[in-house]
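Undergrad: So Swiss-Prot lists the following for this protein:
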| type | residues | note |
| --- | --- | --- |
| TRANSMEM | 34-54 | transmembrane segment |
| TRANSMEM | 62-82 | transmembrane segment |
| TRANSMEM | 219-239 | transmembrane segment |
| TRANSMEM | 254-274 | transmembrane segment |
| ACT_SITE | Asp307 | active site, 4-aspartylphosphate intermediate |
| BINDING | Asp344, Glu348, Phe377, Thr378, Ala379, Gln380, Ser381, Arg382, Met383, Ser384, Lys395 | ATP binding site |
| BINDING | Asp518, Asp522 | Mg(2+) binding site |
| TRANSMEM | 588-608 | transmembrane segment |
| TRANSMEM | 616-636 | transmembrane segment |
| TRANSMEM | 656-676 | transmembrane segment |
Amino acid sequence: MSRKQLALFEPTLVVQALKEAVKKLNPQAQWRNPVMFIVWIGSLLTTCISIAMASGAMPGNALFSAAISGWLWVTVLFANFAEALAEGRSKAQANSLKGVKKTAFARKLREPKYGAAADKVPADQLRKGDIVLVEAGDIIPCDGEVIEGGASVDESAITGESAPVIRESGGDFASVTGGTRILSDWLVIECSVNPGETFLDRMIAMVEGAQRRKTPNEIALTILLIALTIVFLLATATLWPFSAWGGNAVSVTVLVALLVCLIPTTIGGLLSAIGVAGMSRMLGANVIATSGRAVEAAGDVDVLLLDKTGTITLGNRQASEFIPAQGVDEKTLADAAQLASLADETPEGRSIVILAKQRFNLRERDVQSLHATFVPFTAQSRMSGINIDNRMIRKGSVDAIRRHVEANGGHFPADVDQKVDQVARQGATPLVVVEGSRVLGVIALKDIVKGGIKERFAQLRKMGIKTVMITGDNRLTAAAIAAEAGVDDFLAEATPEAKLALIRQYQAEGRLVAMTGDGTNDAPALAQADIAVAMNSGTQAAKEAGNMVDLDSNPTKLIEVVHIGKQMLMTRGSLTTFSITNDVAKYFAIIPAAFAATYPQLNALNIMRLHSPDSAILSAVIFNALIIVFLIPLALKGVSYKPLTASAMLRRNLWIYGLGGLLVPFIGIKVIDLLLTVCGLV
């Protein structure tokens, strides 16, 4: 579930952003953006010239110079506004998280067990290793691990999901988050962080982005923009002696206007906003990224490691068929399978009971009246079953049943081996049923591939992204499901060590790898992956190892994370293309206006037939400022994203933003020139 989205121009955010835009006019803030710092200096210089002209200290048109100066200041303000609005949206999201933090007291236990004596202490004084007791109605005071008890927990304040979740000691569901509420029962929790280091604190810090560091691509683009600015600065500086030598020196105001229009102010003014908005969009998808670097890396990912269960398949395997061994009828197999599953509360176990009922009208027996001994499944035995009336019935994995049969002096039939292979090749999971040492047959558990997932993988393939399915199934089952789902490769019988080795192998080939995980055993692979999305329902170790946390705990979200990362990179690239190409139109507007008096031949470049030199220069400066405002929605929302190959995406962006950047300024400058002329302002 996603959080409520803020309107693009929320009135309160706009007002706050306008205030922040004015505050950012100080030199220290401007220095962080070299391109806009040049505009700021130009604004200051033309302001001083305007004052000097107005006072008579300098010759020239004070009104024209003041108009240029005013619009240069507006250009700086608009760039500040874009950044402030993006930051304001992030801070608004952070404020909603701050509302979760409440000043509360915690019951700190003197001993790590339920019922021990407790001291009431402020929650913000809890340290790592402290043990606390929380009961129904309490707010969990710290991040930690459940060491005793089990409870229903409302995590909606963090995740936005209203459905409660179960948290209990042991396993992968022992991690709890400070700020969530206990709905029932009780938990004894060991705090895993010190004050100020909780998941909620880190979320707020990341979302606010007060100390947002530039990403590598952002730094590289900034260097390019600085280089272009220096080139245009030197080129503009050389124009004054040329015009002076021609007998009609161009004014400093016009040269400043020319410089500002030629340097890439559009992308320079929107660059920070694009980065902040990328992290904000990620939060809109209920994913917390540790940094802009993580969001950017998501856009460069070219290998996705996807867990089969829950990501590629629905995750609830259902019994689909009873396949009896030679000499055994299907009803006998179904009866034994149902008996072995009566106490099995897993979805698979319940589906076996239901299938036997549907196929042979074998009604579900009353467990209490059977006077039977039920054998639960364990990781060691990998079997479960029932002992009843001198009958010992078991169901389990092929290897486990084979060992059981041989241990009881029996022989595993070759025809059952063939049936097991047949089930696995069809993409189902085989469970074998045995009574005593006699193998009765095979149950096929079918895991349903999610609808539309094959098409999504085809889109990823077009984008040059390789998909790899990770599963604990045997190779035959894994190969069948991989073929049905349309993934490029698979890792069967996966272990944490195998996943880690696979990630390192791809990285050694120069690829960027993304994966999801939720358990402590996933932590090494998460730490190694370039993009590691930890599930919020997972362990603390997994969340600390990842560089993103999915608050919805939805493994499929990894594909959306990649889309958001690519959208941010595309937005930056598209607006850079637009910014650089629209300099061409400004060149045709300002160069003839500024130098035609000295070099009449340049009148041939006045293809827009602008009214006068003053209106041409002022129109270009006004357009240069206004285009930043018009592009703010695109910077915040991101460009329209379509899954295409890199070459197709490049062609599309060049046509839309390259050609658009070339044509829009011609139209915009001409319209502004007409308006200025009609209104008699030039």
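Placement of Cβ uses the backbone N, Cα and C atoms for every residue, glycine included.
What you see is a predicted model, and the numbers here were worked out from it, not measured in a lab.
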Undergrad: For the transmembrane segment (588-608), which stretch among 34-54, 219-239, 254-274, 616-636 has the most Cβ pairs under 8 A?
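TA: Between the stretches 34-54, 219-239, 254-274, 616-636, 616-636 has the largest tally.
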Undergrad: Which one of the binding-site residues (Asp344, Ser381, Met383, Asp518) has its C-beta surrounded by the most other C-beta atoms within 10 angstroms?
TA: Asp518
Undergrad: Verify whether three or more Cβ pairs under 8 angstroms connect the transmembrane segment (254-274) with the transmembrane segment (219-239), leaving out any pair fewer than 6 apart in sequence.
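TA: Contact between the transmembrane segment (219-239) and the transmembrane segment (254-274): present.
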Undergrad: When neighbour density is defined as the number of other C-beta atoms within 10 angstroms of a residue's C-beta, which of the recorded positions Asp307, Asp522 has the lowest density?
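TA: Each of the recorded positions Asp307, Asp522 was scored by Cβ atoms within 10 Å; lowest is Asp307.
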Undergrad: Let me make sure I understand the structure: which of the binding-site residues listed (Phe377, Lys395) has the fewest other Cβ atoms within 10 A of its Cβ?
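TA: Relative to the other binding-site residues in Phe377, Lys395, Phe377 has the fewest Cβ atoms within 10 Å.
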Undergrad: Express the distance between the Cα positions of Phe377 (ATP binding site) and Asp518 (Mg(2+) binding site) as a whole number of Å.
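TA: Answer for this pair: 23 Å between alpha carbons.
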Undergrad: Between Asp518 (Mg(2+) binding site) and Met383 (ATP binding site), what is the CA-CA distance rounded to a whole number of Å?
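TA: Between the Cα atoms of Asp518 (Mg(2+) binding site) and Met383 (ATP binding site), the distance comes to 25 Å.
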Undergrad: Using DSSP reduced to three states, classify Lys395 (ATP binding site) as helix, strand or coil.
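TA: In the DSSP reduction, Lys395 (ATP binding site) maps to strand.
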Undergrad: Work out the three-state DSSP category of Phe377 (ATP binding site).
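TA: DSSP call for Phe377 (ATP binding site): coil, neither helix nor strand.
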Undergrad: Roughly how many angstrom lie between the C-alpha atoms of Asp522 (Mg(2+) binding site) and the residue listed as 'active site, 4-aspartylphosphate intermediate'?
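TA: Roughly 11 Å, rounded to the nearest whole number.
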